[in-house]
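Trainee: One structure is given below, represented as structure tokens, and several questions about it will come after.
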Amino acid sequence: MTHIPGIVITGASGRMGQMLVRTVTDSDKVRLVGALERPGHDWIGRDVGEAMGGQALGVAVTDDPLEAFAQAQAVIDFTAPAATLGFAALAAQARCVHVIGTTGMTAEQIAALEPAARHAVIVRAGNMSLGVNLLVQLTKKVAAALDEDFDIEVIEAHHHHKVDAPSGTALMLGEAAAEGRGVRLDDVADRARDGITGARTRGDIGFHAIRGGDIVGEHDVLFAAPGERIVLRHVASDRAVFARGALKAALWGQGKAPGHYDMVDVLGL
């Protein structure tokens, strides 16, 4: 009989957490074995399905990650940077595949994942969808093909609850554009324009963040030159695309050598 991997969902009460719970329980390729929330949360001890307003799933929400991870083969984590760092160490201890969709992580926090990646598989991406990861590759190719006569701007829009800006996906796109041009994003990123800023610096990559309503996620990469413009665009209308990508990553990571991977590896792009 084929072994069916057990999955733990962190931040189970959140919008993404609930979508992940539904996606895992709807799949015949994995099984839900754990649902985590922070200590003191009113879901602790309740069946996660009932807490979500549905049928019982036989999995009680817990605030003990090590106990939950001990039963699992993978952890899917869309939480916050500090929480993700703690989960990474515990997931590595349990030898679980750790799928990280958490955004807003600093370079130092990303580097802090490396000790865990020496012992377990980490798959981390600012966006888990196939479409966005294709957009990243296209952005890199277009940036490499065009010279600095084409200004590059990354514009993203999300719901009004999102706490970080630019989005992780916008930064992925900016990194791809910078890589295509053979420069470091930190050297050319322009994240703040307000007031009398002067003319645009040639070669900069600009970022713009829109927050409003219930926008799931929209990303545009604009290449603008005198007389012509190219726009690469991705629109997500349902969080399920991120959940499906995360589940694909969790399955892909089974049996892989320890290391720090991304969705390009998972999708073979």
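Just so you know, the numbers here start at 1 and follow the chain as drawn.
Glycine too: its Cβ is placed from the backbone N, Cα and C atoms.
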Trainee: For the NAD(+) site that Swiss-Prot assigns to Gly11, Ala12, Ser13, Gly14, Arg15, Met16, Gly101, Thr102, Thr103, Ala125, Gly126, Asn127, Met128, which of the candidates Glu37, Glu114, Glu148 is also assigned?
Mentor: Glu37
Trainee: Give me the CA-CA distance between Gly168 ((S)-2,3,4,5-tetrahydrodipicolinate binding site) and Arg15 (NAD(+) binding site), in Å, as a whole number.
Mentor: 17
Trainee: How many neighbouring Cβ atoms, not counting its own, are there within 10 Å of the Cβ of Ser13 (NAD(+) binding site)?
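Mentor: I get 21 for this one.
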Trainee: Measuring Cα to Cα, how many Å separate Ala125 (NAD(+) binding site) from Lys162 (active site, proton donor)?
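Mentor: It is 17 Å, counting Cα to Cα.
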Trainee: Could you state the CA-to-CA distance between Glu37 (NAD(+) binding site) and His159 ((S)-2,3,4,5-tetrahydrodipicolinate binding site) to the nearest Å?
Mentor: 22
Trainee: To test your reading of the (S)-2,3,4,5-tetrahydrodipicolinate site: which residues beyond His159, Gly168, Thr169, same chain only, put their Cβ within 8 Å of the Cβ centroid of those residues?
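Mentor: The answer, listed by sequence position, is Thr103, Gly126, Asn127, Glu156, His158, Lys162, Asp164, Ser167, Ala170, Gly217.
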Trainee: Using Ser13 (NAD(+) binding site) as the reference point, find which of the recorded positions Arg38, Lys162, Thr169 has the shortest Cα-to-Cα distance to it.
Mentor: Arg38
